[in-house]
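Over in Swiss-Prot, the protein carries these features:
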type: DISULFID; residues: 4-20; note: disulfide bond
type: DISULFID; residues: 8-22; note: disulfide bond
type: DISULFID; residues: 13-27; note: disulfide bond
């Protein structure tokens with residue numbers, strides 16, 4: 001639920017390495 005400051009519209013989330021995932025075109029961490 002916490003925004004990771006990254007979008008995932010065109011490319012995947014780089015922040016997946018710290019637990020973030022793509023939701024609604026924005027990367028979130030829980």
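Each Cβ is built from the backbone N, Cα and C atoms, and glycine gets one as well.
Source: prediction; values computed, not measured.
Spatially, by CA atoms, the disulfide-bonded residues 13, 22, 27 include one closest to residue 4 (disulfide bond), and that is 27. Residue 8 (disulfide bond) counts 20 other C-beta atoms within 10 Å of its own C-beta, drawing on all protein chains shown. Sequence-distant contacts of residue 13 (disulfide bond), defined by Cβ-Cβ distance under 8 angstroms and a gap of at least six in the same chain, are 4, 6, 20, 21, 22, 27.
Of all the disulfide-bonded residues listed here (20, 22, 27), it is 22 whose C-beta has the fewest other C-beta atoms within 10 angstroms.
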